[in-house]
């Protein structure tokens, strides 16, 4: 056996097991995604700006600048409406099929196929920049990405591998660290996106070439790494037969083991059985949470999709670098969510943390309606951009129900 490497969430590991870490794939994929998002907005803006500028030369409008901005924003809005519909609807069936194949045959199927779709969509943007194709080509790139599973298939595969590669007592920390890595990678990519976009200026067809090439390179690295380097970790679940006989006590989350040495002679006493009437409120709460999540997601999508269009014209009128900084500010929600989970999960219930996330997003969206300066945008968008957070709980159970619970809650804390 060779020398050992240490991993903060799994203890001492053989060197070969380093290949089971999914973190390099997550980081490179998110860097590629953040570069692609910024590049897509800036390339589409430049394309419609050139077309609108050519048409405005033959118009007799009393305020050509305002008319040009209105026409450009209308064209960008129409593009994103169709683009988001294509990107959101195409993964519906393919993501389910990839998940089924991953569970039945190999865990890397959903990750590798979705990464192939990511790479094809980034190549579509690169070819549009190189060959000056019409922006409608990007609809096909989004469709290819969705047919390969999209982000939903990718992230479900990441969560599965992350769960397999960690012990039960470290699983929550492992998954939330993956979420933090996702945010940090997106932050770094967005910070660099504006500067990379400005590397080639001059002719319209060359704008964004360096940015899109970097996005394609990161996506290629993620795909090659997942195919050739990444290994599926073995499950670290401990066998149930080795559990000693312990007494149990009923608690608010579940049935807990007692460590009282005076009760060692008892052979696995069952916890207090729940009353039949308590099952109905649980279903009601689940239904209400589902409805609330759908309504909340509609508000999130409606707000986040409008924000890039808002910053391109008055009163902000951001340039390429400022657009990248604005997108990077949205990824700070991953850091605040990580800190919020570590701090608030000790003193607040899950439902309280869900309410905190919804209130923070609603307050940020309300402040955005009154933004007239750049600093006001950063204050308002901190709880609004890219809302993504998770609250994870683990509870010890008796021998008959010894399992762990992972609960995704609270999209945003500050």
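Cβ coordinates come from backbone N, Cα and C, glycine included.
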Task = When you get a sec, could you say which of 111-131, 237-257, 258-278, 384-404 is annotated transmembrane segment by TrEMBL?
result = 111-131
Ask   = Under TrEMBL, which of the candidate ranges 60-79, 80-99 is annotated transmembrane segment?
value = 80-99
Remark   = Checking 37-58, 323-344 against TrEMBL, the stretch recorded as transmembrane segment is 323-344
Ask   = What range among 11-32, 209-230 does TrEMBL record as transmembrane segment?
value = 209-230
Remark   = Of the listed stretches 111-131, 176-197, 209-230, 285-311, 323-344, the one with the highest count of C-beta pairs below 8 angstroms to the transmembrane segment (80-99) is 285-311
